[in-house]
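Since the structure comes first, as structure tokens, the remarks are kept for the end.
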């Protein structure tokens, strides 16, 4: 604490450029991986948290065998191209390819789209051809063999990963994509050069694209979206061959038969249409649903179609006879369907995926049980039947299997200690998170969120050093410089042993150290460069630079460990999303760093803080105040105007300052307390928490017990100055504190 002049500060500095931010995403799910046999069928799902998962099955149980993590926004679609290449698209505007049988290796990232990428289409018998469409109205046709570059290191996506995407419009609900693959296939990473590769562009859409479909040979592509029309393309050239009209609302889903002659379309107008592309006309219209149709899955013979949508119902329709039967009903709208043998996987807008019975090879067996109805061609007739309660009962009541998912967070509150966040998920479960450790410290179950928030209220004021959002369904914490370095706490408050209790701990820097702890350990133990090869010359300048860098790294990593309050878990660790100086944004789990990542990958301000303990200039770390005696008090303090101290300074430190600066002209037992005489001797007035310099009079070696007040309220010794200003003073003017000798109680 020191005195400052009464004049204001000389203003803050202006930053010339916007620094890149670092985001870390917390995960509460058990992300453990299980081994599987060599001959295994898989189901792939993608979700709003930006990850894809590979599921394997053991009798009636399912388990996650791999998590694919690189997207930084919702995964909107996924498809298998060939035997082992998984393709995914996301609201982060990227399309990614993966080795589907690996532990999560992303082999390439494509960034040509300007907006959310919403849909994919693949050619079943030409695995090199993949099409992607998005909200920007763009349709790209990719030659995977020509575009796919070889993987040069274990997880070579550091410069190829995704951008953070943007908040706002687009898919407002999570999407789960379903595909099947056999694991007995050999993995073959394509090694054709991709430098300078440009995809084929299908130009013509003026608005958003929501649906794509391709025939097996990859010679015909159909697209649809908000323009309510179907466009047919030649994927080999990108040229448009026809445009089909008929739907009265957005086209949401498309299917092509293997030859490319027949096309099924589902729309927000609640209708399903069957098109003959050779005749360029609509053959049939099926009024099956009472609301938007979002998902279609057709039998291999293209004679029967399973459909689902916003009306939460799954139907099976015979395309020739127009008979339909209600298969099952759900509690949420259906977004994706995938057929597998004699069952169908159903994904809704909630986080679980269910497997239901389905006669894929002999669908007529379902109609033989009865309960079918005729799907007319007028949607209002179908809606009338539904409103009148004439719907037949569903064919199936219970699913064969359920893969439960994690409920997304729908509500959160940052607590005043700025280290904990209270959350509530879609299942009404309330949890308390410690964001400096990345873990759930308390799971309260289903309790009132607001009541728990009030119960956890603390009278403490700490600067906001991070921002948070739950757009991915989980906690995403954003750190930006210099804001993330504004919050400090004393080591004693964090219960850090081995350091003086008054040492100030910067929450932002220590959290960064915790997040990069695995990287620091790998970097520290990485072998030093070997002697240069014959003929190479290392300049004096380079040598000095390397030595200085080595000293800086060694001193920071060896002598400045990660403190326990900032240790992140190795089980279900958080993921980092950020952008370096080269390439694009990327995402990776903190336990997957290999130590070679550098300033090309991490923002420079992060490395400066972690490696060199160098923080940017900070403002508002001090708080100015005046210190006056209470009215009527005889205790006087030698002070010269305005005082300044760290915002986190405790009130008991102000008390000590008052005692040190007191002017005591007579023994304390003659002092009055607010004008009242003192009784009982000086022992009742002294705290005995320190001594004045040697040579003082005996009565001066005892310290009086002092109270600090603000707005006539006695302050707790443990409150900080920032807490007093926020909760007690509540004025824009400089804080005014008063002191007096404590009244004996």
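In case you wondered, yes, glycine gets a Cβ from its N, Cα and C as well.
Heads up, TrEMBL stuff is auto-annotated, nobody curated it.
Just so it is clear, the model here is predicted, and its values are computed rather than measured.
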Which range of 154-175, 176-197, 198-219 is region 'Disordered', per TrEMBL: 154-175
Stretch in 68-99, 202-243, 244-285 most in contact with the repeat 'WD' (110-145), if contact is a CB pair under 8 A: 202-243
Within the repeat 'WD' (110-145), residues counted as helix, strand or coil by DSSP: 2 helix, 22 strand, 12 coil
Distant-in-sequence neighbours of the repeat 'WD' (244-285), which means Cβ under 8 A and at least six residues beyond its ends: 124, 210-217, 219-220, 222-226, 228-232, 291-298, 302, 305, 307, 309, 311, 317, 319, 322, 375, 377, 379, 382-383
Helix, strand and coil counts within the repeat 'WD' (244-285) (DSSP): 0 helix, 24 strand, 18 coil
